[in-house]
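Okay, structure first, notes after.
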Amino acid sequence: MILQPSALLCLSSLWGVIVQASQGQFPVTQNVTVVEGGTINLTCRVDQNDNTSLQWSNPAQQTLYFDDKKALRDNRIELVRASWHELSISISDVSLSDEGQYTCSLFTMPVKTSKAYLMVLGVPENPHISGFTSPVMEGDTIQLTCKSSGSKPAADIRWFKNDQEITDVQKIQQQDSNGKTFTVTSSLVFQGDRKDDGAVIRCRVDHESLTSTPQIAKQVLEIHYTPTVRILPSTPLPQEGQPLILICESKGKPLPEPVLWTKDGGELPDPERMTVNGRELTISFLNKTDNGTYRCEATNSIGQSSAEYVLIINDVPKPLFPTTIIPLFTSATVKTNVAMSTRTTKSAFITKDPNALPGPVATDHALIGGVVAVVVFVTLCSIILIGRYLARHKGTYLTNEAKGAEDAPDADTAIINAEGSQVNAEEKKEYFI
């Protein structure tokens, strides 16, 4: 029997419709993950359905919903949507026992199914740190253990000291008796050090179920240690006649008791000048007898420590030149001398020795040079004035003994500038002696 081409075309079209219909009548589901105690939706969709029923069943093959009819009496299971193309249900307060494969069935001939795996995350319990007994002595071994149970999958534990992560740790995980969750334990071992006193050790649990903030346990370290001592002087160069304060700075835990001050291995020799106030030693007036070694000793319940300070008193520095100035001239003369001193000083700076040492010595030399210049100037002025005075009063002077002389012009007068050969004498002046 030979089929006509038209019949073949009809059979081909019918087969395509059947295949397409069979592909559109296949249920589609998705795997879901939920945190223990949460709510989840299970959805089954069919693109093309010829009024065929849909059904959801749990891992125990118990029917939950058949179309819109509830089959299992469980108040946690509710219908979300039911149609020929979709069947959606919700499960609230999910527990670990709800985990498994859920099946959506499409009742065609034969029945078509699709499976969705429900994964339930176990939330880890709050961590707890054990193994620390306060206080710990410096140098002792400290072992801290952080433990958290109920996580699924197993949680991760991380250690931090203040804000710095510690990676040298040991981790152990064990499965709980329910066969689903895990208990995670991590240990941290280190030596107690004074710098760790007051430090905060944090144990943090990281898990995919903790979407907001991680769970953290804290432990504050308390380390006891012997005191550390140092002495701080109030001045780096103590001088004779000045006061001095020595501060004894001590740190320790527990806090050190009041410090003890000694000098050269004995008590303080002069309690009137040397007073102790708390951690400070005050010497009101230094003298050479105070030289020596001062010791500050601090003690607590752990031990004792001390520091020493060697006191060497320096002499008070003396000025290189006296600073007293004796006034020699009147105010008018001082004005003139100051001007001359300025000019002389300027000249001295121009011609000063280039090898001269800088500083106060050069300044004193300039001052002395100015004073010498003023003295020389005044001396020269005095010589000039005296010379002019003598030149103007040159002549012959008669005394009382010459009154009886015959050649005396006048016994009561003295003639100045009256030489016998001078005919054109301009002026004669007489003075009584």
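Each Cβ is built from the backbone N, Cα and C atoms, and glycine gets one as well.
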Cysteine from CYS44, CYS146 that Swiss-Prot links to CYS104 by a disulfide bond: CYS44
Recorded disulfide counterpart of CYS248 (Swiss-Prot; options CYS203, CYS296): CYS296
Spatial neighbours of CYS248 (disulfide bond), counting only the recorded positions CYS44, CYS104, CYS146, ASN287 and Cα distances within 10 Å: none
Site of maximum Cβ density within 10 Å, from glycosylation sites ASN41, ASN51: ASN41
Secondary structure tally of the domain 'Ig-like C2-type 2' (227-312) (DSSP, helix then strand then coil): 3 helix, 47 strand, 36 coil
Of the recorded positions listed as ASN41, CYS104, CYS203, CYS296, the one whose CA lies nearest the CA of ASN287 (N-linked glycosylation site): CYS296
CB contacts for ASN291 (N-linked glycosylation site) [other CB atoms within 10 A, all chains]: 14
Residues of the domain 'Ig-like V-type' (27-114) by DSSP state, where helix covers H, G and I: 3 helix, 43 strand, 42 coil
